[in-house]
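Feature annotations, reproduced from TrEMBL:
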{"type": "COMPBIAS", "residues": "766-787", "note": "compositional bias 'Polar residues'"}
{"type": "DOMAIN", "residues": "13-163", "note": "domain 'CSC1/OSCA1-like N-terminal transmembrane'"}
{"type": "DOMAIN", "residues": "186-361", "note": "domain 'CSC1/OSCA1-like cytosolic'"}
{"type": "DOMAIN", "residues": "372-644", "note": "domain 'CSC1/OSCA1-like 7TM region'"}
{"type": "DOMAIN", "residues": "816-908", "note": "domain '10TM putative phosphate transporter extracellular tail'"}
{"type": "REGION", "residues": "738-757", "note": "region 'Disordered'"}
{"type": "REGION", "residues": "766-794", "note": "region 'Disordered'"}
{"type": "TRANSMEM", "residues": "12-35", "note": "transmembrane segment"}
{"type": "TRANSMEM", "residues": "95-115", "note": "transmembrane segment"}
{"type": "TRANSMEM", "residues": "142-161", "note": "transmembrane segment"}
{"type": "TRANSMEM", "residues": "374-400", "note": "transmembrane segment"}
{"type": "TRANSMEM", "residues": "420-444", "note": "transmembrane segment"}
{"type": "TRANSMEM", "residues": "465-493", "note": "transmembrane segment"}
{"type": "TRANSMEM", "residues": "513-538", "note": "transmembrane segment"}
{"type": "TRANSMEM", "residues": "559-581", "note": "transmembrane segment"}
{"type": "TRANSMEM", "residues": "587-606", "note": "transmembrane segment"}
{"type": "TRANSMEM", "residues": "626-647", "note": "transmembrane segment"}
{"type": "TRANSMEM", "residues": "653-670", "note": "transmembrane segment"}
Amino acid sequence: MADAESTGSSTSAFVSALILYGIIGSIIFFAFTLLRPKQPSVYEPKTLNLATVKPNQRPPSVPKGPYQWFVYILSQPQAFFIQYIGVDGYLFTRYLGIFTGIGLLGCLILLPILLPVNATNGQDLPGFDLLSFANVTNNKRYYAHVFLSWIYFGLIIYVIFKELIFYVSFRHSIQTTPLYDGLLSSRTLLLTDIPVEYLTQDRLEETFPSLVRIWYSKDHQELSKLIKERSKLAGKYEGALNKVINKGVKFHNKLVKKGDKLPDSVKGYITKQPTHRLGKIPLLGKKVETIDYSIGKIDELNGQIQNLQDSNAISNAKQTGSVFIEFHNQLEAQRAYQAIPYLSFKQRIIGVAPNDIVWDNLPKSHNEKKLRTILANTFLTLLIIFWAIPVAVVGCISNINFLTEKIHFLRFINNCPKVILGLITGILPTVALAILMSLVPVFIKKAGSIAGLVTKQQIEQYCQSWYFGFQVIQVFLVVTLASSASSTVTAIINDPSSAMTLLAQNLPKASNFYIAYFLLQGLMTPALSLLRIVPLLLSHALAFLQNTPRKKWNKENILSAPSWGVIYPPIELLIVLFIVYSIIAPIILIFSTFALGLLYVAFLYLMTYINGNDFDSRGRNYPKALFQTFVGLYLAEVCNLGLFIMAKTWGPVALSVIILVVTVLAHLWFRYRFEPLLDTVPISVIRESRGEGSAYSTYIKDQGLKEIKQVGKNYSNEGSDQNNDGKFSNTGEAITLADDNHTVESPTSGNPFEKESNVLDENLSKKATANQQPETSNDGIQSNKSLNQKDVDTEKNLDNIQAQFKESPTQVIKRFFNPLHAYNFTFVRSRLPTIFNDTVTYTQDYLDTAYHDPAISDERPHIWIPSDPLGISDYEIGLTEHTSVLVSNENTEYNKKGDKYVVTGEPPSYEEAVRA
């Protein structure tokens, strides 16, 4: 009876989930197809003339029609997505696409064999269990499972290897383009936790003779605290001013409409002053009028901050153990970076822009960071344990029959119609689980900041690691145990000798829950992501929430940016789940491939036409995701091994141990082979990209693995500027910014924008003189045009690229099994978009202050309010006339009706961000 009930609930759960998710998903998708052409600001904002999107980053509009976008976006070449999605977005969608393909291959390889093996002459289990490992009774059939696991898991391992080769070539390719090669961040090295004896100009110049500038990091925590207080109060002040003006205009319109007498002065329209309470404890602090208090307090804070920003105060600030070192070019920076493991430094970071630095964490000492890391990791570990409680409840709900049997007052659920029972067991647990998991990232990111991580990229990778671990433990381990093992507890207690048999039978049955989970992720998540309900409501029904000019401008011009540490782990989890159950319950591959495929299309559209990029990680989350995929392989192999042991089939047990050992060895070798290459750029490919490829033949063999080790050793032993004989020479004296007051102590320098041939060739380097200056345009902007980097020339290589699609199956197979040739540096670079030929220019002022704590140059906040026809805004601006508070009503105006205002330009003091 219990088996029949269990079967009924699992079948009804699947049917209910399929019907409900299918109907809702279809309705949402239909709404998207109708609204998309009519709401370009919501569904194609990147095609519009936004202030924050450059013209060459605006994709062409999608063809008209409800479904043409689908065909259009899937027909675009790789260069299209790299250009409009960005490097990080392209690699994320590639990850989705690659494993959608692996899921499809799994369907083709495993289903034709395993489904009949599992279904015939077995226990005749009902429902999907008939097609799972649990239905098998003949032990000899387990050899089919183990040998297919060899093939399928081996294929996954090889694809990971192939993709790691691709990523390394891709990373090296973009780093050597004119765009990335000329970025300030590409030639700037951040060293943290430096020994005190190295924190002198002479010692650093001795260690890195080819450096150009040194920015010393100093402790400005007191200043930073005051700036944060000022920014918070400025936001409150701006909101209060806009509230007063909006209410005043509405009050005027109301009086006009009624024909009542109008006030004699502007003050008459200010019926009530906004108030707030001081202090950190709500409702207990002193109540003050927001506008009057803010003017006085901001004026006071401006004075305090200005005093701390004084050059003498900056000079006397405590020096931390971190420095930023700029080199002549990327080649010299990479030499130094590759030498750090052989020098007395703890942490090295390269390729990080000033805006990506977590400045508050730089002053923290090495020991303080270690202690904070321990505390943060302990907190997250306890959070995982705590989170397991509600997740376990969710898992038990999916096995409702066990609950109703043990908890008597829940037995009324057994009398519910099958439709209701399906909603309870199929939809409620999956939706509840998705909500529980969505609450976690904010805690992880906060923990990463507390741990003392010094860049946004590090925090994202920290979040990716912990959130992935969180997902695997909660969604896979806890739910699987709660939904499968819980139902066997009583039977095991009654008959302990049956434990292995019962667990072997019930573990595969947990796949029923994950089938519903894949339906949720495949049918609902893509549809909801495309519909963009919140931005749609903010544009219409909730437009009143955009009640300040700044909020209006931000909504219209600033694109939402994905957080890679948050967006990767849920996808990785789906991949782990289908790998784990690919052999145990192969039917899950159909649903996983379907879900991943729809997610792939949805994310392609979202990232091409809707999402922007907050910062550039240069794709570093992609290899992390590839390495974390090994978790799925380990879990799958351990589960298979456990099931074979429980079934007492010792032949498959031995064979499973072999594939497990092979996986461990492959994982270790991959880390040895690829991890040193993820952030380094071999000197040979930089020279190859400049037409000086004398050493490129060595790169082809191992993508520069041996080379970077040799370069690092040579640099640490002999100096920095290496010529063809392996000798080093100094290329010039350094510009040193010893203090945060931006004073240049040693202005003489070798040319940081010199042709690379001048740096590498000994004869030419001897001709370098100390009075060489960076190439500048007439307006004083430094240019990196003279770097002589070869352009990316996609058009010239189109014939070669298109030839791939005309290759015979034999040629395709050969390319697949020869990834070093298929993804060689030259070929991968040829497929990049020509946007990478653009170069960035910097002013001398920017270069002098680029890597200083922004707190020391933080300007007074500029309050932005609308210009109203009544003069309320002018009155409020007049209240600040004799203070240091800045208020502006420029670039705004009310319409003719006088009921709402529009933003006609950029915020006051707005400056376009500089890409570094």
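Quick reminder: no glycine exception, Cβ is built from N, Cα and C everywhere.
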Subject >> Non-local residues, at least 6 beyond the ends, that sit with Cβ under 8 Å of the transmembrane segment (142-161) >> reply: 98, 102, 105-106, 109-110, 113-114, 117, 133, 136, 579, 582-583, 626-627, 629-630, 633, 636-637, 640, 644, 647, 649, 651-652, 655-656, 659, 662-663, 666, 670, 819
**OP:** Please give the average pLDDT for the domain '10TM putative phosphate transporter extracellular tail' (816-908) in this predicted model.
**Re:** 90
Original post:
Between the stretches 95-115, 587-606, 626-647, 653-670, which one has more Cβ pairs under 8 Å with the transmembrane segment (559-581) than any other?
Top reply: 626-647
Original post:
Other than its close neighbours in sequence, what residues sit by the transmembrane segment (587-606), given a CB gap under 8 Å and a spacing of at least six beyond its ends?
Top reply: 69-70, 73-74, 81, 85, 92-93, 96-97, 99-100, 103-104, 106-107, 110-111, 115, 128, 131-132, 511, 514-515, 518-519, 521-523, 525-527, 529-530, 571, 574-575, 577-578, 581
Original post:
Taking residues 6+ outside the transmembrane segment (653-670), which of them lie with a CB under 8 Å of any CB in it?
Top reply: 143, 146-147, 149-150, 153-154, 157, 160-161, 164, 627, 630, 633-634, 637-638, 640-641, 644-645
**OP:** Tally the residues of the domain '10TM putative phosphate transporter extracellular tail' (816-908) by DSSP class, grouping H, G and I as helix, E and B as strand, and everything else as coil.
**Re:** 32 helix, 14 strand, 47 coil
